[in-house]
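Visitor: Dumping what TrEMBL says about this protein:
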- A:6-32: transmembrane segment (TRANSMEM)
- A:53-75: transmembrane segment (TRANSMEM)
- A:81-99: transmembrane segment (TRANSMEM)
- A:120-140: transmembrane segment (TRANSMEM)
- A:160-184: transmembrane segment (TRANSMEM)
- A:205-230: transmembrane segment (TRANSMEM)
- A:236-253: transmembrane segment (TRANSMEM)
- A:265-287: transmembrane segment (TRANSMEM)
- A:309-329: transmembrane segment (TRANSMEM)
Amino acid sequence: MLYIVILFLFASITLYFLLGGADFGAGIIELFTSTDNKHRTRKTMYQAIGPVWEANHMWLIITVVILFVGFPDIYSEMCTYLHIPLLILLLGIIARGTAFTFRNYDAIKGERTQNLYNHLFIYSSFVTPMFLGIIAGSALSGQIDPTAKDFAHAYIFSWFNWFSVAVGLFTVALCGFLAAIYIVGETDDVNDIKRYIKKAKVSNIAAVFCGGLVFIASEIEHVGLSHWIFGNPLSLAAVIAATLSLILLWFIISEKRNRQWIRLLAAFQVSMILISVGATRFPRFVIFKGGSSMSLLTDHATVNTIDDLGIGLLVGSLFILPALGYLYYSFRWKDR
Amino acid sequence: MDDFIAARSQMALSLGFHIIYSCIGMVMPVFMAISHYKWIKTKNQVYKNVTIAWSKGVAIFFATGAVSGTMLSFELGLLWPGFMKHAGPIFGMPFSLEGTAFFIEAIALGFFLYGWNKLNTWFHWFTGVVVGLSGIASGILVVSANSWMNSPSGFDYVNGKYLNINPLKAMLNEAWFSEALHMTIAAFSATGFAVAGIHALMIYRKRNVNFHTKSFKIAIVFGAAAAILQPLSGDISAKGAAKRQPAKLAAMEAYFHTQEYAPLVIGGIPDTAAKKVNYGLEIPGLLSFLVHDNFKTTVNALDKIPVKDQPPVAVTHYAFQIMVGIGTLMMFIGILYFVALWKKKEWLTKAWFLKLFIIATPTGFIALEAGWTVTEVGRQPWIIQGVMRTADAVTKMPGIQYTFYLFTFIYFTLSVFVIFLLKRQIQMVPELYDR
């Protein structure tokens, strides 16, 4: 049952990245869209994410619940040493979640209020994935120091380091990439499609660039990322698959009939990156300074709890997955 | 500000706001579904307009409830890592089920809000019902986690270790039924009165009277019925507290000395040092009767509890008095409404009648907050009754006062926004729906 729970944990993280991350990306794309096109882009994206918006962000709740029920020690350690980035992440989530709803449900569409919501939405769309990345990077970077004596070393340098920040930027770039790819299929206007394809290409280059930064930062901070990835067959295979799918994506992106394929390819590519990173350190989930770590296979709750959690998740997914599938089918598929 | 006090204040603030957002978010979909049903059956356009108007309120409150709930799931760990480390695996079951219910709610809400003219009429209606049902289920499940803190079960606490953990037993703890019942009824009466009060104001001002009269009726029928039922569930809760948390009950009643014919104290200012209540109205024997159904039976008082295990008496007592006082008032207003509905139809449009409901708009939520104050402050100094002290659960990170200030700012801003948006929604009723 433990493996089922772990599977759900990774699946939730991946789905949050692929679905919620694309929502963040929508805001990021908006940030990098010229003023002339902002309104059109916003409208297209709103149609795309409106119905599935709240559901996409539920994956984060599922992730948190799995962590604190199934892996309470890991959860409480992360909450203690990564308090500050988690707090900033929360601020981002609040600003984003409310600004998105408010701008749509403000009965009077005044220019100043709409501007305020837009600004909140756009900037929090950048900050939130940035800090999600920073938290993920910090868990793996080995900079968390439970023996630290002063505030700065215990609560700030645990996450404020080159590697974590590079992972943060990489996450932002990937979210923008996902959103740009997803949105290509959302419109029939030829000019818009051209514009979005260009955005997708630019954000893809940005993602590759930020990915490079992660490796450089890993060398500076002695995280040993390249060593992990090239030393682990599964990670290596995932990285190769991601690279191949990237090349394929560039070839087929301009063909209209390939719209669904390029979405799948982009999602595949991002999943491969997550798998590659997850596999390198599995079962380690949090790595401390000095090399000690917390493991999903040993630092879990008692067997009873894991069993009940696993059953709860399995039963829950019997309800959630068909309903979610039908939601996507109704609004994202049947509509066109 | 002391870090411990700051952490408690931040948690109280977060819960205090989340409770309002989530109660409205779980009850309004029910009103919405009723109105939707009436529209499908009668084809009266006003009901469709009411449904759409309310669904916008639901969307706003769902979004704020969802983000404040997300914040809470993190804050549990950010502020109380010592608690979550041990409690997480024990009381996690309702949280994982609540995750499912919440997810279903989000999916159903997506269908409902965007499904106009796209989905089959009855399927569309059904998704609205699912929003309400899964919202209520979420509420009931989350309360199970709180009731577990009041009546911990499903584990053995041996030499500081938590052994033989049984999450299912923890979920089905003794206090769950009474607490969930009390809370669900409270959500209906508070939301019912609040929604009805706003529509009453609009009727009073003679704005879109037909629209607001229909809305008022749906909301107040639920609000009034819940307010009339609430004292019964309150009685179940008080008996449970007497059994499981005598310190909490004694603090609620500011009852210092164990005695036969235990009195019920109404109002008054507790003097903890002198162990007495000044200026209160004492009714001898009534507390004994309420707890044991017998005027003579002894009820254990604060003198049976070591001082270090006693909750703050004054706060608990005042909060309890506010809750009961307002609850009683709401019950009478509820009865008055049904009298008007069945016997005195002419009252329904009278200015004094409408004013009464306008004044009553916030009462339910004041009582609700007071009730949660009783539950939470009355459990102190424990975070898990009799097992773990709140002071031992708090994070070791210093500087919590700054995050408290930050959260205070955020919640107030968020509330200002929500009120602003609701005001604009109501302001636009004539233009959006009067066609």
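Each Cβ is built from the backbone N, Cα and C atoms, and glycine gets one as well.
Unlike curated records, TrEMBL annotations are generated automatically.
Because the structure is a prediction, the values reported are computed rather than measured.
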Visitor: Where else in the chain does the transmembrane segment (A:236-253) make close Cβ contacts, counting only residues six or more beyond its ends and a cut-off under 8 Å?
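Guide: 181, 184, 197, 200-201, 204, 208, 229-230, 261-262, 265-266, 268-269, 272-273, 275-276, 279.
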Visitor: May I ask which of the stretches A:81-99, A:120-140, A:160-184, A:309-329 has the most CB pairs under 8 A with the transmembrane segment (A:205-230)?
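Guide: So the stretch in question is A:160-184.
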Visitor: Considering only Cβ pairs under 8 Å, which range in A:6-32, A:81-99, A:120-140 makes the most contacts with the transmembrane segment (A:309-329)?
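Guide: That would be A:6-32.
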Visitor: If we skip the immediate neighbours and take only residues 6+ beyond the ends of the transmembrane segment (A:120-140), which ones have a Cβ under 8 Å from one of its Cβ atoms?
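Guide: Contacts with the transmembrane segment (A:120-140): 21, 23-28, 30-31, 78, 82, 85-86, 88-89, 91-96, 98-100, 103, 158-159, 161, 163-172, 175, 214, 223, 277, 281, 285-287.
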